[in-house]
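Trainee: Structure incoming, see below.
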Amino acid sequence: MGAARLLPNLTLCLQLLILCCQTQGENHPSPNFNQYVRDQGAMTDQLSRRQIREYQLYSRTSGKHVQVTGRRISATAEDGNKFAKLIVETDTFGSRVRIKGAESEKYICMNKRGKLIGKPSGKSKDCVFTEIVLENNYTAFQNARHEGWFMAFTRQGRPRQASRSRQNQREAHFIKRLYQGQLPFPNHAEKQKQFEFVGSAPTRRTKRTRRPQPLT
C-alpha cells in the first residue's frame, strides 16, 4: 500500500521537474552564430597567422593599376610597374585586409577627410579595408573606420573623395591581377624597334655525290 501511495507523488514530481526545465530553456534563447561571426570579423585577429598575398589592383575607371609611390596613391600605373605590386595582409579571419606597396613599403590609408594617403605603419584602423565581392565580379574596398567610404579613383587615376563614393559606382570597382614583373620592353620606343638580323656570307650548297652501284 505504501508503494502504491508514493507512485502518484513521484509521477507528479517528475512532471514538475520536466516543466521547470522547459521553462528555463525558453528563457534562454539559442546563441546567434551569425552575430558572433560579425562581431569577431570586426576585431583584429592577434592569434591566427596572417595570410599574405601579392597582386595588382586594376581600376575600372582609369584602366590602369593602383600604385603607391610614397604618400601619394593613384591609379595610373601600367601593368608590371614596380609601384603597382601590392602586398595584401589579412587583418581578421573575415575579409578585412591591409594593403601595402611592395616597392615603397607604405600602407594605403584613409584620413578623416576621406583622402587616400600612404603611411609607413598600417596598425591604425584607417589602414584597414573590407573586401566586398560584387555581383559583377569586381571587388570594392570599404574603409573599416569610416563605414560607407570606399577606395575610388577618377578616370584620370586621381583618388576620389571617399565621402562621395558608393559601392555601386564604377570608380570603386577593381579587379585583382597577378603581378608578373616588368614587361620585356620597358618603353614604347624600344617596343617599336625592329629586330636586327646578323649578316653573314651566303653558303653554297654542295652537290651530293652518290656511290657507284656494284655490277651484278
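Just so you know, glycine gets a Cβ as well, placed from its N, Cα and C.
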Trainee: Looking at Swiss-Prot, which of Asn9, Asn137 is flagged as N-linked glycosylation site?
Mentor: Asn137
Trainee: Hey, what's the Cβ neighbour count for Asn137 (N-linked glycosylation site) at 10 Å?
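Mentor: For Asn137 (N-linked glycosylation site), the count of other Cβ atoms within 10 Å is 8.
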